[in-house]
Each structure stands twice: as structure tokens, then as C-alpha cells.
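Under the heading compositional bias 'Gly residues', TrEMBL lists 1-13. TrEMBL lists 545-667 with the feature domain 'STAS'. Here TrEMBL flags 1-21 as region 'Disordered'. Positions annotated as transmembrane segment by TrEMBL: 219-241, 248-269, 275-292, 304-325, 396-415, 436-454, 460-482, 489-517.
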Amino acid sequence: MVGMSGAYGGHSNGGESRAPKEAVVVRAPKEAVVVGAPPPGPPEMEMAGVVHKVAAQPAQSTASKMKGKVKETFFPDDPFGSFKGQPLRAQWVLAARYLFPVLEWLPGYSLSLFKSDLVAGLTIASLAIPQGISYAKLANLPPIIGLYSSFVPPLVYAVLGSSRDLAVGPVSIASLIMGSMLRQAVSPSAEPMLFLQLAFTSTFFAGLVQASLGILRLGFIIDFLSKATLVGFMAGAAIIVSLQQLKALLGIVHFTTQMGIVPVMASVFQHTNEWSWQTILMGACFLALLLAARHVSIRWPRFFWISACAPLASVIVSTLLVFLFKAQNHGISIIGSLKCGLNRPSWDKLLFDPTYLGLTMKTGLVTGIISLTEGVAVGRTFASLKDYQVDGNKEMMAIGLMNIVGACTSCYVTTGAFSRSAVNHNAGCKTAMSNVVMALTVMVTLLFLMPLFVYTPNVVLGAIIIAAVIGLIDLPAAYNIWKMDKMDFLVCLCAFAGVIFISVQEGLAIAVGISIFRVLMQITRPRMMIQGNIKGTDIYRNLHQYKEAQRVPGFLILTVEAPINFANTNYLNERTKRWIEDESSSGNKQNELRVVILDLSAVPTIDTSGIAFLIDLKKSTEKHGLELVLVNPTGEVMEKIQRANDAHNHFRPDSLYLTTGEAIASLSGFAKMATP
């Protein structure tokens, strides 16, 4: 008997004629009529019945296999490949460039590049200043914290980040989540200092989670947030963020702290006596102006600077109007005085009290994952437009470290914002120096211009937030998901509904849970199908997909398109036995089932439970007088089969074939010779 490493597909009966090592030739008498044979193929396929061997995978040690799996899991991009064959000094230089991407572009930086980055930096600064103030209000933090968060983190990212286009700062979704989660335990108005401490601590944990994912190369975890999940989540969050601004747009003083659409709308109509027509008029006018500017920039991309400058222009104009007409005395609320000065150290404000430790860790985890997903996605999007690579793990480390540093310098959670990055890209940025220019512009504002924001009305900040987040509602993407995959659309819809009807974090948890459940269903209920022969060829395909495919009499050809493991062996066993019973009970003696062929071409891996399934199936078919044949087991599967054979020899060489056509041609001949 030939060993498994050189297994052949021939039969072990007397009809087998042994050939050289490369093949086993099976011949039947010319005058015989073969029972259950497939339709004859073209002449080139009717050559001698050469049956090719099923080769085993080259022998590897367990250590080598583990090393390969670890490398493919954690280092699929081979980050240290460039170090091979380099002298020690060159390796140190490469290591420094890997850790500090700024060293890749700074030595060759030129005046022409700086001119482009200067324009881009000043442009995004005009957007970052009003957005920073607005998003800090959204997180229930002092407005100055939003400007602090647009100063230090961009400087850190410019040194550590690998994206040329990413513009760093606070973002609406993370601000909303942080504000809502912390407000459940502490009132920002009753205990502002404690609330601020919790915000800094949550930012520290967010950065810790983000940096850890990058250092440990566990970025694949964020892949559980599928595109469908993100589209639904972002749309729902955008609506919730917009609804929260009704407090500012209508001038309501007593507003609900809940996030769902029902309590928010109930609060709006329960306090109609607090509505201020002056606030409503100003808010409607500036919101219309901002939306019009956004529409112009979308319709004519060369006018991107209109939407970029519109928020700052709105702040300046509205502040002048309030100052000139003393509007603060007529129902329009204003920001109030803001102190000049740069970021104050806040490491002494990090609070690790056991009372709030669970809350800050949970808030940091949620905001960290959400902001990291947004930042990496935005960076990769613009990198693809300019045809350069963004290292996901470097981005995670950069975003994480800038949030850790930010937590110690009076900043809250930041990441790469889509709106600012789009403006940065359209403004012609060349390197991360645009972030430095933006940070320096914010620094000048913090040092000298803060008194100018005293009369800035809160209603305009609310309008700026609405105009910014409305772009997160991606209806074309939702429609495409509906057309492509109804199950994905269900995930998208659940994420959307969970956010607007329950809360942001619960909605996200529901969507992720549904996505994971769908993956588990695909694992536990893998795709399994019956194949037939396409007449006149040696091709075998799914009977339901190819109408011209025909069943081969006497053969049941099954294929599995998934790994076989402990999670799905029971299903595969039951499904296979049901098909065998259906075929055996057909009552047609002419086409009586004789052979079950299991095509393993699409099975990449198998575990011990999977091997046990194949052995049990082999025994079950033999009890019913049937023969089980395995076709084209892949390397890892073949290796496991070989190990199983070393103990009990369940699968003889004559039960393994390289192709379905060879198996049928060989076994049809033997079926004929067994016929009296």
C-alpha cells in the first residue's frame, strides 16, 4: 500500500493496474457499458484514465507552523522586511523612521511644500477653531478645552502619524459619547471639576487602548465594525447630535439629559414656553448659510474654501451682531469670557478613584474604539486618493499616544476628523506639516484672541455642529448596502434604530452584536451544495447556480465552502446524512446511489472535530454499502488526514482524488466491473 505522502486516487480492487509513481492508470474493457458514467467529454478529456496523486503538504515542525501563523496574524504587512540584509547603522535609521514617520519626509522638506502646507494649515485652522469650541460644548466641557485639544494633539500626530492628509482634533461622535456616558454619573453643571477630571481620565484610557492595539498589532479587532455597522451608527449619531442642538437653536434652558429621539422631542415640546424667537431666527439664518456653503463646495469642489471658512465667518459675524445689538440681553445666550493662555498640565487631574474607575475605563474603551475607527478609515480613504500607504498600526500608536499626551495637557479625546481632513486634502496639503501650521494658528488664538469670543452666541455653535454632522448621513451608501446584501442592511438599520431610540453606546453594541451573530451563523451553518456535471466538459458546478449542470447517476457530489471545525461538524453531518437518505430513497434502481464524493477544495482548514466528522461519515456510508471519496483536500486538511491515517488508516489512497472528474471516471469503471 502506498503511503499517504504519495497517495493515489486508484481503487484497491483487482481492476487496478499499478503505474509509475506519478500516476495510477485505470482501464476498463472497451466493450463494457459503464453504469452511472457521466456524459462523454471532448476528445482531449477521453485520454487514458490517468489519476493524479493527492500530495501532502511538505513536512514542517510545530514551531515553524506556529511562527508562520503568528506572523500572518500579527505581521501580515511584514514591517521588518526592509531590515533584512542591512548593516546595523542602516537598521537603526530604519527603526527610527518606523517609530517616527516625520523622519521620512522632513529631511527632504522644501519651501514649495511648505507653501502648500501653509495654505492648507491656515484653511483647516479656520474650521478647527469654531469646531473645537462647538464640540467641547457637545461633550459638556468648557469651550477652552476644545481649543486646547486642537493644539497639542496635532503636534504629536505630525511626529508620529503616517498620513499626509489627516487633520487632527475633536470630533462630534466621540464628544457626544463621552459627554453622555459621563453625565450619567456626574452632572457637568453641579460638579464641573469632577466632570473635567473624569473626561481627562477617560481620554487617558482611550489613548491607552488605542496605543495598545497598535503596539500589540491587534488592529483587526476594529474590523468587527463593518461598513454596514458604521453607516447606520454614524447616521443615527448624526441625528442624535443634531437633535441635541435644538436646545441651542430654540433657546431652551431646561433640556433633557437623555439621548433617545423620543425623550429629546418630548423635552422640546414640553418647554415651548422657553422658545426664543430671536434665537430661532439667528439660528435658522446661520444654519441656512452654513448648509448653502456646504452645498456649493460639494457641487463645485474648487470652491472648497467656502465651506471651510463659513464656520469661522459665522462666528465672527454673529459675535459682532450680538456685541452691536446687545443681543445677550434679549434671550440669546453667549459663551462668556475665556481665559488666554496655553494648555495647562492636567496629569494631576487624572482620577483613578475606584468609585469612577469602571466608568472612565468603559468611556475610554468606547470613545477610543470609535475615534480610532474613524481616524484610520479617514486616513486610508485619502491615502488611496493620493496613492500612498497608511500603516494602520502606526496610526493606532500615533492616535493613542497623542491622546495619552493630550490627557496630561488639558485635552479630551481627539482623532482624525473627516470634515477637516477633506478640507486639508482639497486645500492641497503635502505633508503632516499642515497639522503643525493649524496647531500654531490655534496657539496664537489661545494666547491673544480669546477675549474676542466672549459674545459668540451658543446658537451659532449649534448650527456649526449640525452643518458638520449632516455629512455623516450617507444615504447613497445605505441604498447600496440594501441593493447588495439585505442582511447587511438589517445590521445597518439596527445600528441606526438602536442609536436614535435607545442611546449611542447601546445602539453600537446592538449593531456589533448582530454583526458577530451573523459571522457565527456563517461559521456554524456553512454553505454546502450538490454539484453536477456540465455536459460535454469535465467541469462540476452547483446545480442551483448552473441550470445546465446535470446529476451524475450513482454519485452524490457534495462540496463545502468553509473551514470544517467543532462549530459546524454537527450541522455538516446532519445535512450530509439527509442528502444521502433522500438519494437512497429515490427508488430508481438504474441510478442507485453508490458513491458519495466530498469536494474539499474550498476547505482551507480543519480541526480534530472535523477529522472525526470525516471518519464518522466514512463509517456511516460503509454501513449503507456506499463508498466515501474525498476530492482535493488542501495542504492543512491533507496533513490532518495523514495523521489520522497513521493511527487507523481510515482513508486509503484509493479514496483520495485530485479532481471530481478523475474520481468519477475511475469509480465508474469499477462500478461497471462489479455489475454482474
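Note: Cβ is positioned from N, Cα and C throughout, glycine not excepted.
These numbers come from a predicted model, not from an experiment.
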Candidate ranges 275-292, 304-325, 396-415, 460-482, 489-517 - greatest C-beta contact count to the transmembrane segment (219-241) (under 8 angstroms): 489-517
Contact call for the transmembrane segment (489-517) and the transmembrane segment (275-292): at least 3 Cβ pairs under 8 Å, seq gap 6+: no
Secondary structure tally of the domain 'STAS' (545-667) (DSSP, helix then strand then coil): 57 helix, 22 strand, 44 coil
Same-chain residues at least 6 beyond the ends of the transmembrane segment (460-482) whose Cβ lies under 8 Å from its Cβ atoms: 130-131, 133-135, 137-138, 172-173, 227-228, 231-232, 234-235, 237-239, 241-242, 245, 247-249, 282-283, 286-287, 290-291, 293-294, 310-311, 314-315, 318, 335, 418-419, 488-489, 492
